[in-house]
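Working notes, structure below.
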Ligand SMILES: [Zn+2]
Ligand SMILES: [Zn+2]
């Protein structure tokens, strides 16, 4: 009897664990199409699988599932030379995909030859379907003091590449708001700056808005504890607001902890519309226009 009960308990636990690893169900479709301004298709497919189930062409499948709920364009973001090259190739094959290329701020300090890696990123920067340089920036959460000089050097080099090629700069900023602004001021910011997975409060949001930067909100804005982030979204004008998954991470509520993909963007957009009091259709149209201004046309 006891054995039977514990067996039952274990089965329930196993079932819960399996569920945690599965993609959530598709949300209700949006009436006005919108884009995912920051996603990692390569990491999603290798770590979480294909949204909608196994497919011969995982990229096409992920695009189709997203398009089915009104997310008809996405930006594939590079984090190292290999993923940047992959993204640039994918963007040439699929009309729904544009790419950005870069060395992630947590990758840069680990590279044996940063200059050579930067040369390879620059070689990709000029391709037509590559519309941004990122994700680059500063991360004081995962990179300690020993890596910060290389991280800043890499960030500065990416800013220079973005300006040389006239592409958007996509910034990863984790616990480094003041230093990101310091380096941007020092180098001179490119025309288009996107703060991906915006993580500041209302004051930092106001400062970024004043500078003309674009603030991209991820599923984190839906998390229960994210009061300051919601206040930041509320002071961001629709013309400077983007939405993203950063998939496979940061899955919006109510599916936090499960794998993320572009087809879950409607959860975050609906949440943002409710939080800011915006009309959902108008917000989607504004986000699309902002995305096309930053990266487009697709
Ligand atoms: Zn990031
Ligand atoms: Zn990312």
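Note that Cβ sites are derived from N, Cα and C of the backbone, with glycine treated the same way.
What TrEMBL lists as region 'Disordered' is 1-23.
The feature divalent metal cation 1 binding site is assigned by TrEMBL to 38, 40, 135, 246. In the three-state DSSP scheme, residue 38 (divalent metal cation 1 binding site) falls into the strand class. For residue 38 (divalent metal cation 1 binding site), the same-chain residues lying six or more positions away in sequence with a CB closer than 8 A to its CB are 75, 77, 135, 170, 194, 196, 197, 216, 218, 242, 244, 245, 246.
Its own atom aside, the Cβ of residue 196 (divalent metal cation 2 binding site) has 26 Cβ atoms within 10 angstroms in the protein chains shown. The divalent metal cation 2 binding site annotation in TrEMBL covers 172, 196.
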**OP:** Just the binding-site residues from 38, 40, 135, 172 whose C-beta lies under 6 Å from any atom of ligand 1, please, or none if there are none.
**Re:** 135, 172
Original post:
At the Cα level, what's the spacing in Å between residue 40 (divalent metal cation 1 binding site) and residue 172 (divalent metal cation 2 binding site), rounded?
Top reply: 14
**OP:** Taking the recorded divalent metal cation 1 site as 38, 40, 135, 246, identify the other residues of that chain whose CB atom sits within 8 Å of the mean position of the site's CB atoms, giving them in sequence order.
**Re:** 39, 77, 79, 170, 172, 196, 197, 244, 245, 247
